[in-house]
Amino acid sequence: MAEAASLSSRGCGAYGEGRCTTAFTSGNRALPCSPGLLASGSRNWFSTPSAMARGLPSTAHLARFCQKLNRLKPLEESSMETSLRRCLSTLDLTLLGVGGMVGSGLYVLTGTVAKDMAGPAVLLSFLVAAVASLLAALCYAEFGARVPRTGSAYLFTYVSMGEIWAFLIGWNVLLEYLIGGAAVARAWSGYLDAIFNHSIRNFTESHLGVWQVPFLAHYPDFLAAGILLVASAFVSCGARVSSWLNHTFSAISLIVILFIIVLGFILARPHNWSAEEGGFAPFGFSGILAGTATCFYAFVGFDVIAASSEEAKNPRWAVPMAIAISLSLAAGAYILVSTVLTLMVPWHSLDPDSALADAFYRRGYSWAGFIVAVGSICAMNTVLLSNLFSLPRIVYAMAADGLFFQVFARVHPRTQVPVVGILVFGVLMALLALLLDLEALVQFLSIGTLLAYTFVATSIIVLRFQKASPPSSPCLASPGPTAKKYDSFSDHIQLVGAEQTSMSEPGQLRPALKPFLGFLDGCSPGTAVAWALGILVASAISLACVLVFGNSDLHLPQWGYVLLLVISGAVFLSSLLVLGAHQQQKKQDTFQIPLVPLTPALSILLNTCLMLKLSYLTWLRFIFWLLVGLVVYFGYGIWHSKENQREPLELTTAHYVVFPSGSLEETVQAVQPSSQSPVQESGCAE
């Protein structure tokens with residue numbers, strides 16, 4: 001730092017005389033030297049005397065703060081090297097996905113949707129929901145193959161959208177897994193309790209009494225908490241043990257599902273779909289759509305495959321294949337089971353709580369009802385394992401990046417799993433299942449999942465239209481493109497200067513369309529894509545509002561409603577056309593979604609529509625949880641982020657001082673932290 005002071009005095013010898021000969025540069029912009037522009041640290045680089053006198057942050061301070069919030073995780077770090085054990089095959093990943101999707105929804109959701117929403121047309125609801133889930137699954141498949149690291153939606157957002165968005169997505173995914181696992185555990189205990197005529201509940205209530213406290217369960221569910229603790233112990237033994245358990249339960253569950261389908265078709269009565277029983281779609285098209293909104297959540301769970309990609313042997317091939325196969329199996333199971341269910345007994349006489357078992361009991365096959373109960377318990381076990389497998393790995397990814405407490409980044413040397421995260425969050429999940437009435441909180445699952453799907457779909461578009469970042473060099477040989485640092489979304493998508501780009505690079509206008517859309521070339525590289533993406537998301541939200549709230553809720557005349565629909569739809573399509581007119585990345589060695597940007601854009605629109613259908617209480621709880629997450633991020637994550645720790649080194653490549661009497665190398669040594677000077681000198685030796 002003494003050398004820095006001598007260099008500063010040499011360049012700006014007399015402030016009072018106004019003979020400042022130092023130029024200060026940031027990127028391609030030169031800033032005149034002033035008393036507030038010192039070479040002793042980045043905090044003073046962006047300050048002015050007037051701003052410091054007033055005690056207010058300067059514009060440069062605010063810009064730098066925004067850059068911190070939108071820091072990106074470099075893609076080149078996403079290699080095959082990992083502290084976890086790569087031991088999962090395509091079959092392992094497929095069964096993990098099936099276990100995450102085919103659970104209590106198959107045994108409870110089918111009867112509820114069939115009786116209250118869609119009738120026998122529940123199979124169409126599941127079909128449409130499967131197609132909608134496929135849009136999100138394709139986005140996860142491309143990211144999981146391209147970025148084979150644990151973290152799922154959190155990581156995908158980090159490498160494309162920015163740090164604060166990634167943290168908030170990860171924060172919501174944590175809550176999703178916590179509540180989801182606790183809810184399934186309570187459903188598991190309730191199903192087992194029903195087999196024994198509710199003797200477990202009666203025993204607990206008689207000895208401990210009944211609670212009448214808001215948000216608390218009527219009685220503590222020790223069975224649900226116990227199964228979660230046991231499952232956590234098994235998951236902490238390693239990925240192979242978890243995979244073996246999941247194989248066993250998934251195999252039993254699939255055999256039971258096959259049994260239900262075969263015996264169900266044997267007992268089928270086509271008369272149950274006749275007009276005398278209400279017809280195939282007694283609630284009409286609106287009932288099918290309402291059923292679709294509910295059935296969509298039955299397919300939540302395939303993201304466990306993407307979250308496990310860091311432990312896959314060949315993630316670039318196995319992740320997309322496992323997602324496709326598991327989603328197909330789950331969709332087939334839901335559609336066929338709902339078909340035989342409504343063919344066995346009339347849809348209006350179904351028992352929503354235990355529709356399948358009750359259907360076999362009513363047809364005189366009580367032994368088949370027992371088999372269905374066993375299959376349901378095995379299916380719920382796979383969902384529990386899926387939640388307990390994914391949750392600690394999301395926490396591990398956040399902790400490894402410095403955004404969450406470092407204790408959760410520890411990996412057991414023998415089992416090679418984040419054992420601290422498994423045990424801590426397993427206990428938290430058990431406490432939720434023990435004490436809370438989860439019915440009021442279950443909708444958290446919906447909003448957190450849909451928000452994650454929306455950000456992943458948006459990230460796919462960002463990733464497709466950006467140029468791959470060159471490896472960052474620890475040395476500053478020249479201010480060339482290899483030394484460029486991308487600190488924000490706008491920097492990341494505007495990758496290089498116009499003079500350094502070619503017409504074949506991603507983000508550039510397609511040559512064949514220049515005669516028609518040449519006016520877009522007037523923008524700097526990537527600007528048109530960034531604006532089009534922003535307009536696409538905004539128009540998707542406005543279009544979803546018009547579609548969901550409709551003419552009655554908006555209280556508009558018919559012509560006003562149609563006008564809003566046409567305008568928002570036209571803007572949505574126009575932004576799609578602008579995006580499609582630009583070059584995209586083409587990778588031959590990894591899976592890529594077809595029809596980009598159309599496929600992720602439809603996923604964004606659909607997810608937004610489903611989020612808007614949630615109640616205002618769900619949104620209030622969601623906002624409260626986001627505020628808690630922001631406290632954690634600004635109190636811990638932003639300061640301990642690995643990208644924040646890299647910034648002192650990166651300042652030497654992004655900001656440098658040019659003295660008339662000094663060389664570039666001398667200046668870099670002056671402004672960089674003293675602890676890094678020997679590394680730079682040895683690494684950049686001539």
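A Cβ is built for glycine as well, from the same backbone N, Cα and C atoms used for every other residue.
Because TrEMBL annotations are produced automatically, they should be read as predictions rather than curated entries.
These numbers come from a predicted model, not from an experiment.
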Transmembrane segment per TrEMBL, picked from 50-69, 90-109, is residues 90-109
Which one of these stretches, 90-109, 248-268, 280-305, 317-345, 561-581, has the most C-beta pairs shorter than 8 Å to the transmembrane segment (442-463)?
280-305
What else in the chain is close to the transmembrane segment (248-268), if you only count residues 6 or more beyond its ends and a Cβ gap under 8 Å?
95, 98-99, 102, 106, 329, 333, 336-337, 339-341, 343-344, 356, 359-360, 363, 365, 368, 371-372, 374-375, 378-379, 381-382, 385
Same-chain Cβ contacts of the transmembrane segment (317-345) under 8 Å, 6 or more residues past its ends?
88-90, 93-98, 100-102, 105-106, 110-111, 113-114, 119-120, 122-123, 126-127, 130, 133-134, 137, 140-142, 144-145, 148, 254, 257, 260-261, 264-265, 267-270, 272-273, 295, 298-299, 302, 305-306, 309, 355-356, 359-360, 362-363, 591
Hey, which bits of the same chain come close to the transmembrane segment (121-141), Cβ under 8 Å, at least six residues off its ends?
110, 113-114, 152-153, 156, 280-281, 283, 287-289, 291-292, 294-296, 298-299, 302-303, 305-306, 319-320, 323-324, 327, 330-331, 334-335, 338-339, 342, 347, 453, 456-457, 459-460, 591, 593-594, 599-600, 602-603, 606-607
Suppose I define contact as three or more CB-CB distances under 8 A, residues 6 or more apart in sequence; do the transmembrane segment (222-241) and the transmembrane segment (561-581) meet it?
no
